[in-house]
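As recorded in Swiss-Prot:
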{"type": "BINDING", "residues": "33-40, 60-64, 78-81, 145-148, 178-180", "note": "GTP binding site"}
{"type": "BINDING", "residues": "Ser40, Thr62", "note": "Mg(2+) binding site"}
{"type": "DOMAIN", "residues": "25-199", "note": "domain 'EngB-type G'"}
Amino acid sequence: MPINLYSKAVFLKSAARVNQLPEDSGYEVAFAGRSNAGKSSALNCLTNNKNLARTSKTPGRTQLINLFSLDEQRRLVDLPGYGYAKVAMEVKLEWQKNLAHYLEARQCLRGLILLMDVRHPLKDLDQILVNWALHRELPVHILLTKADKLSRSEVKNAVLKVRQYYELAEHLVSVQAFSSVKKDGVEELISVLDRWYEWN
């Protein structure tokens, strides 16, 4: 599949709850991560569109489930960022409930791209999200973002650490380094997405 197919992503809709999402059919791949993990930047990098997902200096800005259409059957899903301290507790709990509901109930979900800051991987909520996915045998591809902030050896060690942590689930969990700034890791991410979307 040509790399530029992801650049055809267009905004489809926003949903506050799972029951507001489009019909549960086709293929969806969800992007999730802590509020400061660089999720919007990664989506913009993948699609080569700096305006696709709104980036903000204020973590926790994405409070809705945002869907982007690749074609009639395939969608990218930007899930609300989680774990930001300045968000009210009831809002946090609502987000987490929506995340859990989406991951457990959405039958067209083919995989989860989970973003973690390479300097601070494996936070509690990250692990909870992976466990939710593994509970329903959903593949997870972990992007260790902001790899440009560390040396190559530090990045390599971080990737190894996360791989070892999930080695018992290696049939479902894969890990790579990623930098939106340098566009490092984009092709590896695309190869995972291509497989999940079953592009012919």
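Residue numbering: from 1, along the chain as shown.
In case you wondered, yes, glycine gets a Cβ from its N, Cα and C as well.
Note that the structure is predicted; figures quoted are calculated from it, not measured.
Sequence features, as recorded in Swiss-Prot, placed on the structure.
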residue : record           : DSSP (3 states)
Gly33   : GTP binding site : strand
Lys39   : GTP binding site : helix
Leu64   : GTP binding site : coil
Pro80   : GTP binding site : coil
Lys146  : GTP binding site : coil
Phe178  : GTP binding site : coil
Return only the integer: C-alpha distance in Å from Pro80 (GTP binding site) to Ser40 (Mg(2+) binding site). 10
Given the binding-site residues Asn36, Ser40, which one has the fewest other C-beta atoms within 10 angstroms of its C-beta? Asn36
